[in-house]
Structures are given as C-alpha cells and as structure tokens.
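**Student:** Can you read through this structure? Questions will come right after.
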Amino acid sequence: MHYCVLSTFLLLHLVPVALSLSTCSTLDMDQFMRKRIEAIRGQILSKLKLTSPPEDYPEPDEVPPEVISIYNSTRDLLQEKASRRAAACERERSDEEYYAKEVYKIDMPSHLPSENAIPPTFYRPYFRIVRFDVSTMEKNASNLVKAEFRVFRLQNPKARVAEQRIELYQILKSKDLTSPTQRYIDSKVVKTRAEGEWLSFDVTDAVQEWLHHKDRNLGFKISLHCPCCTFVPSNNYIIPNKSEELEARFAGIDGTSTYASGDQKTIKSTRKKTSGKTPHLLLMLLPSYRLESQQSSRRKKRALDAAYCFRNVQDNCCLRPLYIDFKRDLGWKWIHEPKGYNANFCAGACPYLWSSDTQHTKVLSLYNTINPEASASPCCVSQDLEPLTILYYIGNTPKIEQLSNMIVKSCKCS
C-alpha cells in the first residue's frame, strides 16, 4: 500500500518535469516565417555549393528557347511525378541526394530523307524505334543520377481501339541467335483517342550502359503488349490470333501523313500542335565536385516510424503556407525562373509523448538515461518534401538545376 502511494506521488511529480523538457520552444508565426526564409537562403546556396550569391549581372533580354525548353520539361516532369505520388499515396524517397543536379536535354535527332543517315525512327504497324545520340555525355557517365525518356502521345481520333497497353524496351546487341534482342523497361495503358499527354519512363540503367559502352546504344522500342493478339486493358484479357496495330501516335515519331494525306491545312495544324514536343531524354547529373561531397558526408535518413496524423486545427501541428519571392524576400535577382515558389513550413503544437495514465516513471527515467539531451515532447517537423527546378545565370551562362527537398508538402510530430 505504501509502495503504491509512493509510486503515485513520484509519478505526479515527474510527469510535469517531463512535459517541460522540450527543445521545441514556442515561436510566433512571424518568427517562424523569418527563420524559414533564412533557412531557404542557406539551403539553395548550399545545394549549389555556393558560398555567396553570384554577382549581379544585367538580365538577358531573351532566354534561348532551348534553355526554356529544358526548364519547362524538367518542371513538368516533377509536377507529373508529384501528382502520381499523391494519387498513389506514396512519398518522396528520403535518401534523395542533397546537392543540386544539373539537367541536360537530348532531343531525338531528326534527319531529312535526302541525308545519308539512318533515320532515328522506323515505322512499323506494331512498334516504333527511337534512337538518341548521347556521345556528348560520355565523359560524365559516372555522374549520372537519373535519366528519363519523355514522349508526347498525340490524340488519334481515328483509332479503332480506345485503349492500348504500350511497352518500352531497350534494344540489345545480339551476340548469337539464342541471346535476347530486347530488355523490358516499363509499360503504360494509354487512351488513344484522348487529348495528348506526355509519357515518362525511367531509363537510367539503359542510358548508363550507353554512356559506358557506345556500341550498345541501339535505341528504344515502343511496342504493343501483344502484337500477335488483342489485349483488353480493362480486364487484362487477351484475344489470341487477332492482330492489333499500334494505334497510339507520338509527336516527332509518327509523321503528319498519318493524319492527312494531301490535306495541307490539317498538316500545318498538326505540325503546330506537335511543335516543341519532340521525344527527348532528360539527364540529371551530379557534378564531380558535388559528388565528392555527397560521398564523404551522407545525410541521415528522416525517421519514418514516428509519423503523426495531424489534424488541420490552427493550434495543432500542420502545414503552413509560405510563398518565397526571390527578389522581395531574399534580395536575389540571379534566379530567372521561377520568380518564387510555395516553400511552406510546419508549425503547431504536438501531443506529449507521455501522459500520467499511459506511462510509468521507470520508462521516463530509462528514456532520459538513454537520451539525456533529447526532447521529452515531440516537435512539429516536415514529413514529405518535393524538389524545385530553377533556371539561373552565372555571368552570361544559363544553368538549370534540380534542388531536392525544397517544398514542404506535409508535416508530422517527431
């Protein structure tokens, strides 16, 4: 009896002490915003391996179209990936490389019929072949972080089937008659008659191989799931002995003659719609001087086991909006695009880790012994983050970089 009374007495006295042991001090929203803005300033410079902002130079009157094209493609790709992750309830990988990646765009080469060259595409009823020249990037083979193949699917109102499953293959160099001639990469179900859309495929392994072995670069093959039969995507049913042609049409691959034979007005309209939608590769490379820093000091992974489902209540931990205007908030003129972005931040109260009705003094004592400098109550921190693409100038040289973990999308108590 005396033991129970003593335990209760100690518990009531130790719990308030535990609740006060927090390294997360209460700040007003203005102070949160100021700290977040300064943190972003340091983040951007750090990720670009800059000790200070580049010197101010007069902004160019007009950014070259090819530079804008790379920026737009990279930005759109990131937005598409974010939308897919949100739809699938997936999170960005927490072990994303910290430093910024340089982005390069390689368009599919176009050859005139009169040129004595192998055309980059071949028309076949059941597949298309696409080739890229990546020889200029061979010296950077070891720095490749990611490669994406992007192709724009055109609307085909004359398609005989509404849906098709298309597959992407890497064409292999055959050593003998028994060796495989292609390697599967990915597949997508597309709506042939729907409005056009960009399709993206992760081709990092294939491009990495091409950069190290030039003779193995035989291109990609876009084909039907089963050209010798008919595949019904809605129920994964295959109808044998019924050939199905590739009804999906792709900008820069399928000629305008597919849509109009002799109709100059329609040909001109189609060319206008497909302008700027050439199939291309987006290569993301980590420069050597950043690669060395990345290998020497890896960031710690964010803990994922302490996630807290926060409520959207003003006083509780939740996502707070914060728009950063580079010129107004940071005093920077050297970032050309975007002019600003929604950085956001996390703030609010978190429920305490211990309470008098769920924990005992021995547990609290053990925790404090193991983690003497740790907070006894959780803090509101970021959980899901997304990258940001920027276009900036160093002198007269335009550069496009992808900065990881710059946009806070959700929060947790940890």
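Backbone N, Cα and C define each Cβ position, glycine as well.
Here the structure is a predicted model, which means the values were calculated and not measured.
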**Student:** Determine, on the basis of Swiss-Prot, the cysteine among C309, C317 paired with C380 in a disulphide.
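**Tutor:** Cross-referencing Swiss-Prot, the cysteine bonded to C380 turns out to be C317.
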**Student:** According to Swiss-Prot, which candidate among C229, C411, C413 shares a disulfide with C350?
**Tutor:** C413
**Student:** From the disulfide entries in Swiss-Prot, identify which of C226, C228, C229, C411 pairs with C346.
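**Tutor:** So the cysteine that Swiss-Prot bonds to C346 would be C411.
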**Student:** Indicate the candidate from C318, C346 with the smallest number of other Cβ atoms within 10 Å of its Cβ, considering only these disulfide-bonded residues.
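**Tutor:** Looking at the disulfide-bonded residues C318, C346, the Cβ with the fewest others within 10 Å is that of C318.
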**Student:** Given the recorded positions N72, N140, C317, C380, C411, which lie within 10 A of C350 (disulfide bond) by CA-CA distance?
**Tutor:** C317, C380
**Student:** Measure from the Cα of C413 (disulfide bond) to the Cα of every one of the disulfide-bonded residues C318, C346, C380, then give the nearest.
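**Tutor:** Comparing Cα positions, the closest of these disulfide-bonded residues turns out to be C380.
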**Student:** For N140 (N-linked glycosylation site), what residues in its own chain, 6 or more apart in sequence, show a Cβ-Cβ distance under 8 Å?
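**Tutor:** N140 (N-linked glycosylation site) has long-range Cβ partners L211, L285.
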